[in-house]
Amino acid sequence: AFGRKSFLEQLLQKETHQANGAVLPIVPVDCLTSPDRGQMVEPSNFLGPDGDRVEVVVLESRANAKGVREEDALLENGSQSNESDDTSTDRGPEPASPLKETSFSIGLQVLFPFLLAGFGTVAAGMVLDVVQHWDVFKYVTEVFILVPALLGLKGNLEMTLASRLSTAANIGQMDTPKELWRMITGNMALIQVQATVVGFLASIAAVVFGWIPDGHFSIDHAVLLCASSVATAFIASLVLGMIMIGVIIGSRKMGINPDNVATPIAASLGDLITLALLSGISWGLYKELESKAYVNPLVCAFFIALLPIWIIIAKKNAATREVLYSGWEPVIIAMAISSVGGLILDRTVSDPNFAGMAVFTPVINGVGGNLVAVQASRISTYLHMSGMPGESSEAAPRKCPSPCSTFFSSDVNSRSARVLFLLVVPGHLVFLYTISSMQGGHTTLTLIFIVFYMTAALLQVLILLYIADWMVHWMWGRDLDPDNFSIPYLTALGDLIGTGLLALSFHVLWLIGDRDSDVGD
């Protein structure tokens, strides 16, 4: 057909390629054209000895115009194909991954925001250590239950927002001013809707969890919790959402991967701003209970009345419309999980022997949540590069991964998991030293205390990183966008696991006699 019969016979004898148990000839692309570079030869023209059709692997020839023989080019390509790992003819082209990062570059990009976020949690812990002695925290102890739930909003809303916008920025959906403005307005309206609803539900959960152990219910305290929770969630989400947008836009302009910096910065300011707002608003509304009892219901009604406005704006945006309808399950379940952690905090800190736990709770929960949010955001971006949620892909197995594949494989996500895990001990040492130097807390940092604290922190992050590897891939395989669903669950689990392990550590330390004179001071 193309006047090169002797060459084709030599080709069939010398060059073969194994694929799926079949012997396939390798033909350079030059050989599939007529001598005048005209019409391509149909694959049906390749017939085996028995007249059967033979599949052909087509490789691009590197022969140049300087007289390099086609046979030499063929042998060159054949040797390269034999050395290659790709031995399948029906495999599609590998997706280009943007995460060509070394462990050093990942650590370098994550380190500064991680430390910044950690110092934010230290500041939040110092605030909680002080305000736990305020009247509103003494007489309306359900406010403690609100603390993890509202601090968890940074995972439920702000970190989810950061992950969504980071993915959108990495895949080119925020390159034009029009796209940028659409993403900003839709996502800001969305998180205001979610913040108001979740804040209201968190107050109900606090009332229920506070009523179950004691059987005591106060309508005034219930309205106070509702007003404090809704106002705190709304204002904190508004401020943090604007900060997140600025961070992601700035990261793209500076050539930094937003996945590495956006979520930790959201957490760094999120804990401090949210806790300061909760303390200040609840204290102010508590003061108004006696003289102006109508203030608390008015505050609740005002923020709930704004809901229709934000819903209309979010519905007009295609990027947030789906989340507005389907994104409630993770944030509500995450709020409930965090509230259980708040109940543990309430029951523990209310005991004077364990008052020292308050300053460390935001730190251990914040660090664990920050690290797992970075990992979840990175895995989600990696998967988005290979297709859409629900598409079958080797990058997204549905089975539960082994710990070895999560932490010790050679892929970029395993590498980042190792880097993030290795940040736990030095990071917490810095944060513990900072708390000690600022004379915060009610606990002397003895060696045995540091050992127990570090054990709890390492175990928390180890569990969270493994769960993140499984959860993000599992959600992806079931047509759920991990940016919208995974981080709320992971940060809520971080709150529950961190608070539980920290409370267990304090109880064990108390039992084995590590009781310094500062405890309960």
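Quick reminder: no glycine exception, Cβ is built from N, Cα and C everywhere.
Annotated in TrEMBL:
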type     : residues : note
REGION   : 69-100   : region 'Disordered'
TRANSMEM : 110-130  : transmembrane segment
DOMAIN   : 147-281  : domain 'SLC41A/MgtE integral membrane'
TRANSMEM : 188-210  : transmembrane segment
TRANSMEM : 222-249  : transmembrane segment
TRANSMEM : 261-281  : transmembrane segment
TRANSMEM : 293-313  : transmembrane segment
TRANSMEM : 325-345  : transmembrane segment
DOMAIN   : 361-504  : domain 'SLC41A/MgtE integral membrane'
TRANSMEM : 417-435  : transmembrane segment
TRANSMEM : 447-467  : transmembrane segment
TRANSMEM : 487-512  : transmembrane segment
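Secondary structure of the domain 'SLC41A/MgtE integral membrane' (147-281), assigned with DSSP and counted as helix (H, G, I), strand (E, B) and coil, comes to 121 helix, 0 strand, 14 coil. Under 8 Å from some Cβ of the transmembrane segment (447-467) lie the Cβ atoms of residues 360, 364, 367-368, 371-372, 375, 401, 403, 406-407, 417, 420-421, 424-425, 428-429, 432, 490, 493-494, 497-498, 501-502, 504-505, 508-509, 512, 514, all in the same chain and six or more residues away from its ends. Remote same-chain partners of the transmembrane segment (417-435), defined as residues 6 or more beyond its termini with a Cβ less than 8 Å from a stretch Cβ, comprise 103, 106-107, 110-111, 114-115, 118-119, 121-122, 125-126, 359-360, 363-364, 367, 371, 374-375, 406-408, 441, 445, 450, 453-454, 457-458, 461-462, 465, 469.
Outside the transmembrane segment (325-345) by six or more residues, the chain places 144-149, 151-152, 155-157, 160, 190, 194, 197-198, 201-202, 205-206, 209, 357-358, 361, 365, 484-486, 488-489, 491-493, 495-496, 498-500, 503 with a CB less than 8 A from a CB of the stretch.
Look at the domain 'SLC41A/MgtE integral membrane' (361-504): DSSP puts its residues at 108 helix, 0 strand, 36 coil.
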